[in-house]
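Everything below concerns the one structure shown next.
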Amino acid sequence: MKFFALFIYRPVATTLLTLAIAISGVISFSLLPVSPLPQVDYPVISISASLPGADPETMASSVATPLERALGRIAGVNEMTSMSSLGSTRVILQFDLDRDINGAARDVQAAINAAQSLLPTGMPSRPSYRKVNPSDAPIMILTLTSDTYSQGQLYDFASTQLAQKIAQTEGVGDVSVGGSSLPAVRVELNPSALFNQGISLDAVRQTISNANVRRPQGSVENQQQRWQIQANDELKTAEVYRPLIIHYNNGSAVRLSDVAEVNDSVQDVRNAGMTNAKPAIILTISRAPDANIIETVDRIRAELPTLQNNIPASIQLNIAQDRSPTIRASLAEVEQSLVIAIGLVILVVFIFLRSGRATLIPAVAVPVSLIGSFTAMYLCGFSLNNLSLMALTIATGFVVDDAIVVLENISRHIEAGMKPINAALVGVREVGFTVLSMSVSLVAVFIPLLLMEGLPGRLFREFAVTLSVSIGLSLIISLTLTPMMCAYLLRHQPPRSQRRIRGFGKMLLALQKGYGRSLSWVLGHSRWVLAVFLATIALNVWLYVSIPKTFFPEQDTGRLMGFIQADQSISFQAMRVKLEDFMKIVREDPDVDNVTGFTGGSRTNSGSMFISLKPLSVRSDDAQKVIARLRAKLAKEPGASLFLMAVQDIRVGGRQANASYQYTLMADDLAALREWEPKIRTALAALPELADVNSDQQDKGSEMDLVYDRETMARLGISVSDANNLLNNAFGQRQISTIYQPLNQYKVVMEVAPPYTQDVSSLDKMFVINSDGKAIPLSYFASWRPANAPLSVNHQGLSAASTISFNLPDGGSLSDATAGIERTMTALGVPATVRGAFAGTAQVFQETLKSQLLLIAAAIATVYIVLGILYESYIHPLTILSTLPSAGVGALLALELFGAPFSLIALIGIMLLIGIVKKNAIMMVDFALDAQRNGGISAHDAIFQACLLRFRPIMMTTLAALFGALPLVLTHGDGAELRQPLGITIVGGLIVSQLLTLYTTPVVYLYFDRLQMKFRRGKKLDPLPQ
């Protein structure tokens, strides 16, 4: 401790060093990025492949399987899923947390190249990949609306100008455009007119394709000049396509307009997007891996005025959803809680010490310790987020403890008549080891957390490091700045304080005397106290087993995502009506601010909705209550279901599921999976622990099976290719030509007119021109019948899979839900060929649940080892750790009282309590050991004196920690659902621990002391005096 005396004798140097720490922290604070939570994204890569016209089963077997076999060999892949639908396949790879996304992308490209020879030759392009998780919620949604421009024109502006520019913004990973499709010239044929003229659909296709050909024409030149040849070989609008001559019939020209309606329209008419009941084009913006949401959103917002100026004034570019306001509001709430916590802690010190000068010392020590932590956060690449700021809020109650212990001890010597400088030297020497033990053992709690693997370890690393740094700074400041300030600020004089403060001093003295009397009685009835101590251990076990558990508290981010699932045979027209109906119901809710949705494209029976809630300050209910209220109204809509879930900052897995949690069924036999999945889904839907149960298995889509009579076809001179071309030309929205423009390329799309595409009997009107030039109706050589067919085929790994998604009912817990699912699977007697496993967030929850007790045990063991080293004793660390059971009981009872499930946040609270409550025991044990060794008194008298002597600092430190956590309990603003479990756990644990450990610790100390004496002397253990 002689080293620390230098800081007392050199106040200027000490002050300047303190200022340097504070200034460095302030500068670092201004440079720290802002985010809702630490970056814990699993690296995810999405691979897409297409084969137009292929059914889902063909896509799964010929495209998905070869890709999966090659991709599955990549190192670090922890989950591989695929979904194959009509003409397209998407494979999602999720990698280990420590896998570099760029290195993984190179391996993915190599695997795609290796699988290329095994893929079908008819694929229009090679499979491509993107470093974006398709299940992530967008960070921003923009909408384009206009009263003068068509949806196709708006889509063109969005995809050609806006999306390209936004995608170049730093931090943006992907920009997808929905609600319509690119402009196109649509040729809608009349089969009856064509039949009367004897013209085949393929002849029309060839004529249009040949009429719009962009080819180089060359040039001519002489000795002086050169001319580039440019012909009018391109047709760019519907107006110039209509006069095209398709055929001559008896010398009369048959033009395209005679047999078709030709219009300027869009490539795919089966797309629809809306925002607040108005047609809209929707741009959903996702962030790149590891990109900061706030910084990315700010960059996009900075570009918006320029983007608006680049499009016509009659087009409105609006922000439909933005993630950043609730993040900023949540962080502002945490910062406010931090300031309140500092104020409350300083108030506690003032009330106890009744001196403005004495209070000034921790009032300086606490902010400097916290502000200095920002420097370490910046150097470690951390961000200002809910968890790191919560760590500093909780640290307020910790960092003041060291200053309080030093200050209180020095004050005691000054009050006894010692000069301030001498009191500072003696006081810091007496409690230096105590302060060191308290701080080092508290930091030791976080060692297992820092070494923890997986998402929880990555998630709480910033929390643990930030808290540890602040505690380390507090230790340094309490041994340097605090004694220096005590030496030059404190004086021996009666405190001039208000009557209520003097009254508090008298009350504290009376409380201390009452504690002394009760402690004497307790030490005389130690067996009863020991029984209470053992009972708290048993109660801990029972409470932990019985309390509902969840992975992470349900956040209220002010955003909901909705997924519409309709009958598998629904038409686009009916699906669009469903979308409008659902949006109307949601929009009428008083807490809803904005609703955006779209349907169509390859999503034949589904749609998506993005819902923004009003700010929490003007809302009547939180997100979960809004969902529960809407769920009852939405259930009345026939033929479709809308599944709602609150957007969370932590979402694991790459599945685009309709709910927050997933349970995946896998089988090597697709037929067995299709047999058992409906039974399991029905049984799970009946569980009260689950809500919104649905499945991604869709094997009941309607199709029309055509059977060719090949002999008749051969006799009539018709090939299978002719027949397939007929059907594709008529019903496939076939893109038959390309229109080249300066900024983009557009298509000429051909199919039969809408009255024919909307009626199955139109097949009777289809015909083929055979090799003899005769029109042969399709019904002459083919028959058809309705049948069921899968809309998608899914894989997990290389097995056929079906994922059942579910939400939790209002007030439900994930532990009850997972237990209910496992219980149902056992009761159903599902065969071994069908396997079930939790996926995504539910899977991580199951893994975390298994490691929670191990983590707590590791923290206790680490603290024991550290204390054993510091005290050079096997016994005394056990005395100090005896404070933990009562803290655990208090924490779990408080969670039960507030109806909060045991989550990762609550687990961190338990870890913190391990570090907090042992401080009381350390102060008692330190002084008792010193009294025994140097004072020559008995263990009974030593611990009794230590308890009375340290009563005031124990009360001060406990109340400081309690008041430091209290703002987290009382918070009700944005992000409160994250902060409250931590505050509830700490406050509950401190209250119960304070009431019990003031009595159990001295009793356990005496028992262990006598046990130690027995081993030393080899004598029988005598009973404690009664």
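Each Cβ is built from the backbone N, Cα and C atoms, and glycine gets one as well.
As given in Swiss-Prot:
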TRANSMEM  12-32  transmembrane segment
TRANSMEM  333-353  transmembrane segment
TRANSMEM  360-380  transmembrane segment
TRANSMEM  387-407  transmembrane segment
TRANSMEM  431-451  transmembrane segment
TRANSMEM  463-483  transmembrane segment
TRANSMEM  528-548  transmembrane segment
TRANSMEM  853-873  transmembrane segment
TRANSMEM  897-917  transmembrane segment
TRANSMEM  953-973  transmembrane segment
TRANSMEM  984-1004  transmembrane segment
Query - Recorded stretch, among 333-353, 387-407, 431-451, 953-973, maximising Cβ pairs under 8 Å relative to the transmembrane segment (897-917) - result: 431-451
Query raised in the report: For the transmembrane segment (853-873), what are the same-chain contacts with Cβ under 8 Å, counting residues 6+ beyond its ends?
Result: 433, 436-437, 440-441, 444-449, 452, 544, 880-881, 884, 907, 910-911, 914-915, 918, 925, 929
Query raised in the report: Residues of the same chain, at least six outside the transmembrane segment (984-1004), with any C-beta under 8 angstroms of its C-beta?
Result: 394, 515, 518-519, 522-523, 526, 529-530, 532-533, 536, 878-880, 882-883, 886-895, 897-898, 900, 905-906, 909-910, 912-913, 916-917, 920-921, 924-925, 943-944, 946-947, 951, 954, 958, 961-962, 965-966, 968-969
Query raised in the report: Would the transmembrane segment (387-407) and the transmembrane segment (12-32) count as touching if the test is at least 3 Cβ pairs under 8 Å, pairs 6 or more apart?
Result: no
**Report entry** Two-stretch contact, the transmembrane segment (360-380) and the transmembrane segment (463-483), at least three Cβ pairs under 8 Å
**Finding:** yes
Query raised in the report: Of the listed stretches (431-451, 463-483, 528-548), which one yields the highest count of Cβ-Cβ distances below 8 Å with the transmembrane segment (12-32)?
Result: 463-483
Query - Cβ-Cβ under 8 Å with the transmembrane segment (528-548): same-chain residues at least 6 beyond its ends - result: 522, 813, 815-816, 853, 882, 885-886, 888-889, 892-893, 895-896, 901-902, 996, 999-1000, 1003-1004, 1007
Requested in this report: Report, as numbers and ranges, which residues of the same chain sit near the transmembrane segment (463-483): CB under 8 Å and 6 or more residues beyond its ends.
Outcome: 1, 4, 7-8, 14-15, 17-18, 21, 38, 361-362, 364-365, 368-370, 372-373, 376-377, 380, 382, 387-388, 390-392, 394-395, 398-403, 405-407, 410, 424-425, 427-428, 432, 435-436, 439-440, 442-443, 446, 449-450, 908, 912
